[in-house]
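*Asks:* Provided herewith is a single structure, encoded as structure tokens, for subsequent inquiry.
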Amino acid sequence: MDSNTCTMHSHCVQMTMEIHQVVPPPHKSTLQKLKVRLKETFFPDDPLRQFKGQTFKIKLILGAKYMFPILQWGPNYSFKLFKSDLVSGLTIASLAIPQGISYAKLANLPPIVGLYSSFVPPLIYAVLGSSRDLAVGPVSIASLVLGSMLRQEVSPSADPVLFLQLALTATLFAGLFQASLGILRLGFIIDFLSKAILIGFMAGAAIIVSLQQLKSLLGITHFTKQMGLIPVMSSVFHNIHEWSWQTIVMGICFLVLLLIARHVSIRKPKLFWVSAGAPLMCVIISTVLAFAIKAQNHGISVIGKLHEGINPFSWNMLWFHGSHRGLVMKTGLITGILSLTEGIAVGRTFAALGQYKVDGNKEMMAIGFMNVVGSFTSCYVTTGAFSRSAVNNNAGAKTAASNIVMSVTVMVTLLFLMPLFQYTPNVVLGAIIVTAVIGLIDIPSACHIWKIDKFDFLVMLTAFLGVILFSVQEGLAVAVGLSTFRILLQITRPKTVMMGNIPGTDIYRNLHQYKEATRIPGFLILSIEAPINFANITYLNDRTLRWIEEEEEDNIKELSSLRFLILEMSAVSAIDTSGISLFKELKATMEKKGIELVLVNPLAEVIEKLKKADEANNFIRADNLFLTVGEAVASLSSTMKSQSTTTEEAQTIVPHY
């Protein structure tokens with residue numbers, strides 16, 4: 001007995017296997033289906049389940065706690081928790097003050113705006129935010145993007161008032177967009193910024209931010225307004241005559257000091273306070289030194305006089321008319337997405353470490369309302385910063401009250417300590433920014449992406465090179481476009497694989513993945529691993545016919561014939577009307593070739609639509625539907641054997657006259 005006969009025999013033996021019917025799902029009205037689909041799309045976490053079966057009073061209390069997370073931890077707040085939050089709040093304030101001033105200059109805004117943005121937004125987040133580790137304030141990426149995009153049309157030096165108005169208006173649009181995503185449960189939109197894009201984008205942005213600090217670190221006064229690598233380096237070397245050796249020496253000294261402090265904290269996390277306090281310490285030392293030696297007389301530029309007092313209201317400065325309306329909306333959209341992505345990613349990271357949950361949609365609303373209120377109180381785009389949040393976590397923050405402590409500390413600084421920053425050298429602020437953004441370059445993650453997925457690495461590299469060679473928004477746009485193209489490829493070119501039997505079992509798996517799997521004579525078993533829709537039916541039809549042609553060529557060599565095309569559909573989660581037409585065309589084509597089309601395990605939505613489209617049972621018959629490939633092969637093999645036996649008996653009958 002040859003191997004093919006043995007294989008057929010082994011499957012014929014399985015005819016005692018119980019065959020299960022494929023049944024459509026219970027009937028649901030269109031309204032019920034729409035309700036389920038909307039719930040799964042917008043409310044996958046089902047936030048309303050906590051209200052079921054509760055009294056009206058309890059529902060009001062639960063609703064208030066849901067909208068204002070401070071009501072969850074506030075009633076149980078204790079002095080012990082306050083001691084931890086006080087230490088962490090003071091620690092992040094020591095980092096937030098110099099970073100706030102530095103990032104405002106990075107955004108081409110007055111330094112005082114950076115401190116304003118470290119006062120009001122943290123108070124709003126403490127009430128609305130659900131993360132106990134997130135430390136709120138200005139961040140380098142959003143500052144860079146905001147400054148570079150607005151500078152395309154308005155000069156911050158020639159028209160600083162208009163520039164500030166546009167920055168505040170862009171912040172308002174960013175906040176409205178962020179809050180809308182949370183309210184409408186559309187957070188999945190920011191998922192288009194994949195991890196690969198963010199790693200490449202942040203690394204490129206870190207380099208661009210660092211290169212921009214060469215103006216401060218070298219003491220150059222005439223510096224390019226462009227952001228690309230080539231224009232910046234060209235500007236640096238074309239203005240060698242403006243380099244100040246005093247500025248360079250001071251910059252190198254403080255940069256080395258900050259990098260050493262950062263290295264110490266990385267090597268020994270318990271010494272987190274070293275890197276957290278280093279920026280403020282550098283500001284204090286450099287300010288005293290600059291005052292003592294009259295630094296401005298030696299070519300070292302200083303911040304200059306800063307206004308005292310807390311945030312003035314700024315709703316009268318919002319700009320909704322004129323030719324720049326499109327610019328501020330676009331800037332708000334991009335900075336809103338970037339800051340939201342960073343804030344939620346940071347919040348989720350520390351929530352995972354602390355084993356508690358952060359509600360993404362509530363975070364969107366919190367960050368959005370924070371920026372809306374900020375735009376009314378002289379603040380620009382803020383979010384949760386990774387560096388400050390890491391310090392907050394290491395310092396032992398227990399609740400969002402650490403943001404309140406930080407905010408109060410910044411308020412005291414704004415009211416009483418602003419004259420002390422008048423002599424702070426700009427070179428130190430540049431060194432602080434460089435040290436902060438170095439951590440955004442994640443080489444181990446880049447190597448990990450290269451090892452796992454080369455296309456993702458290409459996307460990451462595109463984002464990185466696009467940012468440093470062209471601009472932040474162009475690099476981001478190209479990378480997102482490349483990722484979207486990959487998704488479209490996966491949709492329009494779904495994977496189809498040929499399946500074979502694992503010997504000794506009724507399990508069928510991919511022939512290329514499982515080398516021990518064997519093909520079944522007379523059967524072509526294909527698995528479709530994607531939803532079927534208008535975008536991929538042409539490809540699936542062409543690819544299936546190619547499989548059949550290749551199988552028929554092999555069968556000619558083996559002197560056998562193809563009898564059944566089995567489509568395993570466990571991974572086909574959805575189908576549209578165009579997808580149904582694919583099966584009708586395949587059925588017609590198979591009939592011409594003398595091949596039966598068999599479907600295995602069509603899911604609820606798929607079988608329901610197929611049944612509705614085939615009321616006359618023309619192409620979806622019960623004997624061509626099976627729950628597993630094993631049952632299909634066993635049943636159809638039995639049918640083949642019985643037909644073969646009947647034919648042989650008919651041929652052996654001798655007619656008598």
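Yeah, the Cβs are placed from backbone N, Cα and C, and that goes for glycine too.
Pulled these from TrEMBL:
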TRANSMEM  109-127  transmembrane segment
TRANSMEM  162-184  transmembrane segment
TRANSMEM  196-214  transmembrane segment
TRANSMEM  243-260  transmembrane segment
TRANSMEM  272-293  transmembrane segment
TRANSMEM  365-387  transmembrane segment
TRANSMEM  399-421  transmembrane segment
TRANSMEM  428-451  transmembrane segment
TRANSMEM  457-489  transmembrane segment
DOMAIN    513-636  domain 'STAS'
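I'd like these features described in context: how deep, what's nearby, how far apart.
*Replies:* A Cβ distance under 8 Å defines the sequence-distant neighbours of the transmembrane segment (243-260), meaning residues of its chain 6+ beyond its ends; these are 216-220, 275, 278-279, 282, 286, 289, 295, 298-301, 425, 427-428, 430-432, 434-435, 438.
With a cut-off of 8 Å between Cβ atoms, the residues of this chain six or more beyond the transmembrane segment (272-293) that come close are 91-92, 94-95, 97-99, 250, 254, 257-258, 261-262, 264-266, 300, 302, 390-391, 394-395, 420-421, 423-425, 427-428, 431-432, 435.
Outside the transmembrane segment (399-421), and at least 6 residues removed from its termini, the chain residues within Cβ reach (under 8 Å) are 69-70, 73, 77, 81-82, 85-86, 88-90, 92-93, 96-97, 100-101, 111-112, 115-116, 118-120, 122-123, 125-126, 129, 131-132, 134-137, 283, 287, 303, 305-311, 392.
Mean pLDDT across the domain 'STAS' (513-636) comes to 89 in this model.
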*Asks:* What is the number of residues in the domain 'STAS' (513-636) that are helix, strand and coil, as DSSP sees it?
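*Replies:* For the domain 'STAS' (513-636), the helix, strand and coil counts are 59 helix, 21 strand, 44 coil.
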*Asks:* Is it the case that the transmembrane segment (428-451) and the transmembrane segment (196-214) have 3 or more CB pairs under 8 Å, with pairs at least 6 apart in sequence?
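*Replies:* Checked: the transmembrane segment (428-451) vs the transmembrane segment (196-214), in contact.
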*Asks:* What parts of the chain pack near the transmembrane segment (196-214), using Cβ distances under 8 Å and only residues at least 6 beyond its ends?
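*Replies:* Distant contacts of the transmembrane segment (196-214): 106, 140-141, 144-145, 220, 223, 227-229, 232-233, 236, 341, 345, 430-431, 433-434, 437-438, 440-442, 445-446, 449, 453, 456-457, 459-468, 472, 475-476, 479-480, 483.
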*Asks:* Given a Cβ distance threshold of under 8 angstroms, which distant residues of the chain, six or more beyond its ends, lie next to the transmembrane segment (365-387)?
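*Replies:* Answer is 95, 99, 104, 107, 109, 113, 116-121, 124-125, 128-131, 134-139, 142-143, 146, 167-172, 174-183, 311-315, 318, 335-336, 339-340, 342-344, 346-347, 436, 439-440.
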*Asks:* Residues of the same chain, at least six outside the transmembrane segment (162-184), with any C-beta under 8 angstroms of its C-beta?
*Replies:* 42, 107-110, 113, 146, 150-151, 154-156, 190, 314, 317-320, 324, 327-329, 331-333, 335-337, 339-340, 361-376, 378-381
